[in-house]
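Listed in TrEMBL for this protein:
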type     : residues : note
TRANSMEM : 20-37    : transmembrane segment
TRANSMEM : 49-68    : transmembrane segment
TRANSMEM : 80-97    : transmembrane segment
TRANSMEM : 117-134  : transmembrane segment
TRANSMEM : 143-162  : transmembrane segment
TRANSMEM : 174-196  : transmembrane segment
TRANSMEM : 208-227  : transmembrane segment
TRANSMEM : 247-268  : transmembrane segment
TRANSMEM : 275-292  : transmembrane segment
TRANSMEM : 298-315  : transmembrane segment
Amino acid sequence: MAAPKPKASTPVPGKMSSRVWFYSILLTLQYGAQPLISKRFISREVIVTSSVLTCEVAKVVCAIMLMVKDGSLKKLAKEWTLIGSLIASGLPAAIYALQNSLLQISYRNLDSLTFTMLNQTKIIFTALFTFIILRQRQSIHQIGALFLLIMAALLLSIGEGSSKASSSGDPEQILFYGIVPVLVGSVLSGLASSLCQWASQVKKHSSYLMTIEMSTVGSLCLLASISKSPDGEAIRRHGFFYGWTPLTLVPVVANALGGILVGLITSLAGGVTKGFVVVSALLVTAMLQFLFEGKPPSTYSLVALPLVISSISIYQKYPYRVKKKEA
C-alpha cells in the first residue's frame, strides 16, 4: 500500500504511468473511431443541440456512477463549495465555450486545411501555459518531440485532402475572421487545459467532479441559447429526439466516455499528453477508413506515422529531471 507516494504534479513513475497509457490508448481509439460511427449512426435529420445536450447528460451520469463506485460521492456534500466549483470548472468551461465560438467563426472563413494546421498550435500553447501556471518544465528532448508531433499533425492535415482554396478573396476577412479567431482559440484551449490540470493536480479537484461541473455549465449555456437559435426552433417544431434511432446513442455515449477519459488523462498526465492522443487518433481514423470503407491512407499519413511514434517515445523517455538540478 505504498502507492500514495508519487503525488507530485508530474506523475511519471510506476502504476500511474501504466494507467495513463491505458487511458490514452482508449481515448485514441475513441477519438479515431468517433468520426466514422458518428457518420454512420447519426443521420442528418438529428438536431445538433439535442445530440450535444444528450452527450453532456451521459457524461454526468457516467461520472456519478464512477464516483459511486470509488466512494468519492459521499465526500462531495462535505467538501463541495460553489466558489471552488466556479474557479476549478466554471472558468475553464467558459473559456472552452468562447473557444468553440471562435472556432466556428474561423471555420467558416478558412479552408479546412489552413484551419486544421493553425488549430494544431494549441499543443504548443498547452505546453506554454502548463509552464506558466504549473511551472512544469519540458526537457530539450520533449520540446523536440512536440515539434515532431506538430510536423506529423501538419502532414496529416494535408493528407486529409483539403486542397480547396479559401472561398473568400478578401484578405482582411481571412485575417480577422479566419486566422485571428483560430489562433486566439488555440491560446484559449491551451489556457483552459492548463487550468483543468491545475485544478486536478494542485487543488486536488476530482476529474469526475470536474466533468459533472463542466458538463452542467455547458448544458446551461446551450439551454440558454435554445430560445433564439435555429436548433431551438427545430426542437420546438419537431421534438427533441427528431431523427434519432436507438443506434444514435452509440456515438453519443462514446463521445461522453471520451470526455471522461480526457478528464482522467489531464489530471494524471496533463494537457500535453492529450495533444499526443489527438494526433495519434488521426492515424487511427485513417486506418479504420481503410478497413471499413476501403479508403487507403494517404502518403502523408504513412510519413506521419513514424513521426508520431518517435515523438511519443521521445517525450516519454526523456522527461525533465528536477532531481539532477537540485543535486
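Glycine residues also receive a Cβ, built from the backbone N, Cα and C atoms like all the rest.
All TrEMBL annotations are machine predictions without curation.
Most Cβ pairs under 8 A with the transmembrane segment (247-268) among the ranges 80-97, 117-134, 174-196, 208-227, 275-292 are made by 208-227. The stretch from 20-37, 80-97, 117-134, 174-196, 208-227 with the most CB pairs below 8 A to the transmembrane segment (143-162) is 117-134. Ranked by number of Cβ pairs under 8 Å to the transmembrane segment (275-292), the listed stretches 20-37, 80-97, 117-134, 298-315 are led by 20-37. Same-chain residues lying 6 or more positions outside the transmembrane segment (174-196) and placing a CB less than 8 Å from one of its CB atoms are 91-92, 95-96, 98-100, 102-103, 105-106, 108-110, 114-115, 118-119, 121-122, 124-130, 132-134, 166, 168, 210, 263, 266-267, 271, 274. Beyond the transmembrane segment (117-134), the same-chain residues lying 6 or more positions past its ends with a Cβ under 8 Å from any Cβ of the stretch are 9, 103, 106, 110, 143, 146, 149-150, 153-154, 157, 179, 182-183, 185-187, 189-191, 193-195, 197-198, 201-202, 270-272, 274-275, 279.
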